[in-house]
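J.: Sharing the feature lines straight out of TrEMBL:
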{"type": "TRANSMEM", "residues": "C:40-58", "note": "transmembrane segment"}
{"type": "TRANSMEM", "residues": "C:70-89", "note": "transmembrane segment"}
{"type": "TRANSMEM", "residues": "C:109-133", "note": "transmembrane segment"}
{"type": "TRANSMEM", "residues": "C:145-171", "note": "transmembrane segment"}
{"type": "TRANSMEM", "residues": "C:178-203", "note": "transmembrane segment"}
{"type": "TRANSMEM", "residues": "C:209-234", "note": "transmembrane segment"}
Amino acid sequence: MMSEPLLQAVDLECERDERLLLQNLSFSIVPGTLTRVEGENGSGKTTLLRILAGLNDAWTGELLWCGKPRAHDRESFHRNTLYLGHRPGIKPLLTPMENLRALMAGRRPVNDDVLAQALAGTGLAGYENVPCRNLSAGQQRRVALARLLVADEPLWLLDEVFTAIDAEGVKAIEALLQQRAAEGGAVLVTTHHDLQVPGMRRIVLGGGRGNE
Amino acid sequence: MWQFFHKLGSPKWFFGIATRFMPWLLAGGLLLLAAGLIWGLAFAPKDYLQGNSYRIIFIHVPSAFLAQSIYISMAVAAVVTLVWRMKLADVFVKAIAPVGLLFTFLALFTGAIWGKPTWGTWWVWDARLTAMLILLFLYGGVIALDRAINDEKSAARAVAVLVLVGVVNIPIIKYSVDWWNTLHQPATFKLTEKPTMPMEMWLPLLLSVLGLYLLFGWLACIRMKTEILVREQRTRWVRELVLAGRK
Amino acid sequence: MNSAGRALVKPVEQGVGVFSAMLAVFARDVRVAFRQRQDLLNPLLFFVMVVTLFPLGVSPEVSFLQQSGAGILWVAALLAVLLSLDHLFRHDFDDGTLEQLVLQPQPLFLLILAKTLAHWMLTGLPLVILSPVLGVMVHLDGNSIAILCLTLLIGTPVLSLIGSIGAALTLGLRSAGVLLSLLIIPLYIPVLIFGTGTVAAAAEGAPVGGYLALMGAFLVLALTLAPFASAAALRISMSNS
Amino acid sequence: MAFDSFSAFIAMEGHGPYVWACYAVFVVLLAGLMVWSVKRNQSVLGACQRRYETDAKTSGQTTRKAPATFTRVEISQD
């Protein structure tokens with residue numbers, strides 16, 4: 001079932017500090033696929049994800065959301081896109097529960113039982129009410145990742161998801177992403193971890209061209 | 001119409017036009033300014049109230065005019081930057097902000113010196129001078145912000161937001177400073193406010209204002225050209241232009 | 001992670017109302033602030049200390065203090081607010097919550113308005129509440145103190161709102177704190193003038209209703225325009241990081 | 001001419017120092033800005049030329065980026 005692309009980039013170009021970071025980049029992200037953005041350090045992976053997420057506005061080219069220019073309905077785009085960046089978006093002074101609640105608040109109200117289940121799913125059962133600053137870096141990232149277990153946004157943009165996660169966690173997350181793609185979600189990840197998923201698409205940055 | 005607008009924003013097009021107009025702007029500006037100043041210094045009649053010190057008006061008023069109109073023109077360019085993302089508008093704001101700062105400083109400095117023979121003191125918290133001082137701060141902020149942001153495009157857009165916020169505030173600042181002035185020192189003798197000014201004073205003033213505007217045009221052109229060179233040096237047309245100019 | 005019960009992925013059509021999103025932003029900021037109460041106290045201590053400097057540095061004479069007390073308090077409050085503004089977005093920027101705020105499917109300027117109101121409630125409002133005590137210490141009479149509090153009550157939200165623009169513009173820059181002051185202080189001048197001017201007018205027995213109304217107009221103007229400017233500035237700063 | 005003599009013109013009935021100081025500062029600063037702007041324009045132009053010339057010389061020989069090896073750097077311990 002090849003459906004219409006969710007997000008389409010046409011001739012994306014981004015210049016940063018006098019350097020052409022992205023050039024002639026065109027690709028489309030289709031539901032039901034897992035795409036990995038590849039490239040060495042400094043090749044613009046994070047910048048690309050920030051552009052796609054709508055955080056970085058300093059680009060030229062075209063971005064189409066469901067076939068229409070993204071700027072036309074930004075709210076619907078944001079409602080249907082989940083972005084996890086380098087910085088996990090977790091307040092160290094709040095507990096995992098409070099953090100998760102705050103992150104979901106502007107999107108979809110979810111009751112606390114579901115959130116507790118999500119936290120438990122990331123291995124944080126029992127830590128629900130410990131301030132996040134007392135958690136390890138990996139645990140803090142897991143709080144952010146707990147969102148993936150309740151998220152219903154069709155498009156996921158995940159920057160370096162596996163950072164600070166242990167081997168077992170990595171395997172579980174891999175399975176989650178794969179399953180998400182199988183369900184019809186679209187997942188875009190950047191990672192240096194050697195991700196091996198059948199049917200995975202690639203966007204290679206730095207010298208290479210878009211779309212496998 | 002749209003095509004014209006687009007062309008207007010093209011640095012290459014501007015570069016050509018500016019190069020053609022600059023000699024005229026420079027010559028006209030220097031001529032008018034010199035005429036206005038010499039007339040004002042040597043030939044205009046003495047003011048019956050302030051004596052000869054009023055001759056400072058021929059540089060004080062043009063500087064103050066420019067200080068204000070440069071800020072307003074920056075605000076117009078800021079709207080263009082934010083709405084149409086026109087390259088030339090960013091270049092304009094960045095190039096002329098220091099010019100605006102200089103004219104604001106000149107207006108303040110000449111005002112202060114004028115104050116000595118008129119009020120007997122270098123500085124009076126007069127409404128106009130105070131408003132000018134705040135304008136100087138606004139210019140300083142714009143330049144400081146521009147310098148602080150490395151990325152050119154972000155700097156241009158951030159400065160545009162700041163300039164717009166400033167321009168919304170200028171009338172409020174002006175009004176509140178006027179009010180504050182009446183509150184603390186009612187009805188002082190104003191420097192430039194004259195009920196009647198004879199023609200012999202108006203004309204040289206008009207000439208020097210016009211001359212200074214032309215010189216400002218020239219300054220804007222050459223500074224924008226420099227800025228365009230810096231930004232566009234990797235483009236083909238700049239390369240061709242520079243290499244052609246060498247021969 | 002069992003998927004048996006889960007439906008296939010469909011686009012999300014309906015979201016949360018903007019008011020509850022704003023409320024959540026507000027509540028989170030207040031909660032974070034109360035987890036770190038020392039930070040709440042800092043601007044207040046700064047306020048008290050700056051006011052103390054004037055009798056020590058200029059003159060403890062009653063007539064001097066009476067005459068300039070309102071001005072001193074206003075300047076000190078302005079500086080205290082300025083000092084606290086640097087934190088308005090910085091922590092959120094550092095830990096990534098600001099990214100998530102920008103990406104919410106809600107009008108950004110309203111979320112920023114909620115944040116700014118939380119900032120005012122946590123810094124400006126305590127200053128207003130503390131000001132009568134300091135007013136007594138600089139020998140202001142009862143009527144002046146009441147008017148002073150009223151002007152601070154109307155004026156400090158304006159300070160927070162205008163300040164949020166500066167905080168957004170200088171986000172992520174080196175020496176952002178000093179730069180923020182440079183950008184914002186000129187914009188604070190009208191509020192300062194009318195804040196102290198109203199108290200002075202009241203001390204002379206002039207009616208102050210008109211001036212207070214004018215300050216109210218400033219507040220309305222800042223409420224309607226400042227969040228837009230901050231939102232635009234925030235997007236620019238985000239693009240740059 | 002509003003003055004009887006050249007010395008009267010310079011003195012301006014005692015206001016001379018103020019008027020002339022203003023004009024001097026005005027002319028110096030304005031001329032300074034103009035000269036500086038021209039100088040900067042020329043220096044940028046020169047920098048562009050040098051850049052293009054070196055570009056022309058080295059064109060064709062694109063430098064390949066050396067791969068990162070993360071070998072430790074030997075420091076002589078004399």
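Using the three backbone atoms N, Cα and C, a Cβ is placed for every residue, glycine included.
Heads up, TrEMBL stuff is auto-annotated, nobody curated it.
Each of these features: where is it, how hidden is it, and who are its neighbours?
T.: Within the chain, the transmembrane segment (C:40-58) has long-range Cβ neighbours (under 8 A, six or more residues past its boundaries) at 33-34, 64-65, 68, 72-73, 75-77, 79-81, 83-84, 122-123, 126-127, 130, 134, 137-138.
Tertiary neighbourhood of the transmembrane segment (C:70-89): same-chain residues 39, 42-44, 46-47, 50-51, 54, 98, 115-116, 119, 123-124, 127, 131, 134-135, 138, 140, 144, 148, 151-152, 155-156, 159-160, 163-164, 166-168, 171, 176-177, 180-181, 184-185, 188, 191-192, 195-196, 199-200, 203, 234, selected by CB-CB distance under 8 Å and a gap of 6+ residues from either end.
A Cβ distance under 8 Å defines the sequence-distant neighbours of the transmembrane segment (C:109-133), meaning residues of its chain 6+ beyond its ends; these are 18, 21-23, 25-26, 29-30, 33, 40, 43-44, 47-48, 73, 77, 80-81, 84-85, 88-89, 101, 145, 148-149, 152-153, 156-157, 159-161, 164, 168, 223, 226-228, 230-231, 234.
Counting residues 6+ beyond its ends, the transmembrane segment (C:178-203) has Cβ neighbours under 8 Å at 70-71, 74-75, 78, 82, 85-86, 141, 143-144, 147-148, 151-152, 155, 158-159, 162-163, 165-167, 169-170, 211-212, 214-215, 218 in the same chain.
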